Amino acid sequence: MRLILLGAPGAGKGTQANYIREKFGIPQISTGDMLRAAVKAGTPLGLEAKAIMDAGGLVRDDIIIGLVKERIAQDDCANGFLFDGFPRTIPQAEAMIAAGVDIDYVVEIDVPDAAIVERMAGRRVHLASGRTYHVTFNPPKAAGKDDVTGEDLVQRDDDKEETVKKRLAVYHEQTAVLVGFYGKLAESGSAKAPKYVKIDGTRAVETVRDDVLKALGA
C-alpha cells in the first residue's frame, strides 16, 4: 500500500494517517522527518541539505527525491508507505514519477475553507496541561477557563483566524493544484497512474476513517 495523503491544514490528515498506518502496518513519511533523519545520519544527501538549510535556502527537489528513494528502500517500507505533505508541488510529483516512485492511491481529505477556519480558530488550549477545547464543538464549562484548574485558556498563534487563512492561501496556491494533477493522471488510464480518491472530511472522524479504509480496500 503506497499512498499520498492530501488535504488542507486542519482537514484532519494527521488523524486519518494514524488509522491508515495502523491498518496497513506502513510508516508515515514526511519530508521534515526525512530531512532531519538524513542530517542526523550524516548521509551525503543529508549533509548537502543541511548546508542549504543552514544558509536559509529551500532544499532542491532533486535532493528531496533522492531522500525519498533512500527512505522507501528501507525495511519498514516493505509493505508500502504513506507520504504526508509530499509531494507539495507538481514539479515534485513529476520528478517522483520520473524517478520511478510508484504510488497506488492518492487520497484527498476534502474540507471547505470556512469549515477549517471554524475548526481551527475555535480551538482553545490550557497550556500547562495541554487540554484542548473548542468554543463550539467542545466548550469548557466556564467560557475561557480550564475545566480542571479554572485557569485561563489561550488561543495559539497558529489557530488565529488570520494565520489559518494565510496557511490555506499557501495550500491553495502550491498544493491544491496536485489534486487536479493526480485527478487527470488517474483519468488517463496509464498503468502507472494511482487511483484518486476524494473523501468528505466534514463528517465525524470515524465516518471519514471508515470511508478512507473502504476506498483503500480494507
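Quick reminder: no glycine exception, Cβ is built from N, Cα and C everywhere.
Annotated in Swiss-Prot:
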{"type": "BINDING", "residues": "GLY10, ALA11, GLY12, LYS13, GLY14, THR15, ARG123, THR132, TYR133, ARG203", "note": "ATP binding site"}
{"type": "BINDING", "residues": "THR31, ARG36, GLY57, LEU58, VAL59, GLY85, PHE86, PRO87, ARG88, GLN92, ARG156, ARG167", "note": "AMP binding site"}
{"type": "REGION", "residues": "30-59", "note": "region 'NMP'"}
{"type": "REGION", "residues": "122-159", "note": "region 'LID'"}
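The binding-site residues shown are THR31, GLY57, VAL59; of these, the one with its CA atom nearest the CA of GLY10 (ATP binding site) is THR31. Cα of PHE86 (AMP binding site) to Cα of GLY14 (ATP binding site): a distance of 13 Å.
All protein chains shown were included, and the count of other CB atoms within 10 Å of the CB of GLY57 (AMP binding site) stands at 10. Proximity note: of the listed binding-site residues (GLY12, GLY14, ARG123, TYR133), ARG123 have a CA within 10 Å of the CA of ARG156 (AMP binding site), given in sequence order. Between the alpha carbons (Cα) of GLY14 (ATP binding site) and THR31 (AMP binding site) lies a span of roughly 14 Å. Residue pair VAL59 (AMP binding site) / GLY12 (ATP binding site) shows a Cα separation of 27 Å.
Here the C-alpha separation of GLY12 (ATP binding site) and ARG88 (AMP binding site) works out to 17 Å.
Cα spacing between ARG88 (AMP binding site) and ARG123 (ATP binding site): 26 Å, rounded to the nearest whole number. Between the C-alpha atoms of THR31 (AMP binding site) and ARG123 (ATP binding site), the distance comes to 27 Å.
The C-beta environment of TYR133 (ATP binding site), restricted to residues of the same chain at least 6 apart in sequence and closer than 8 Å, consists of ARG123, ARG124, VAL125, HIS126, PRO139, PRO140, LEU153. When the binding-site residues GLY12, GLY14, ARG88 are compared by the number of other CB atoms within 10 angstroms of each CB, GLY14 has the fewest. Here the binding-site residues are ARG123, ARG156, and the one ringed by the most other CB atoms within 10 angstroms is ARG123.
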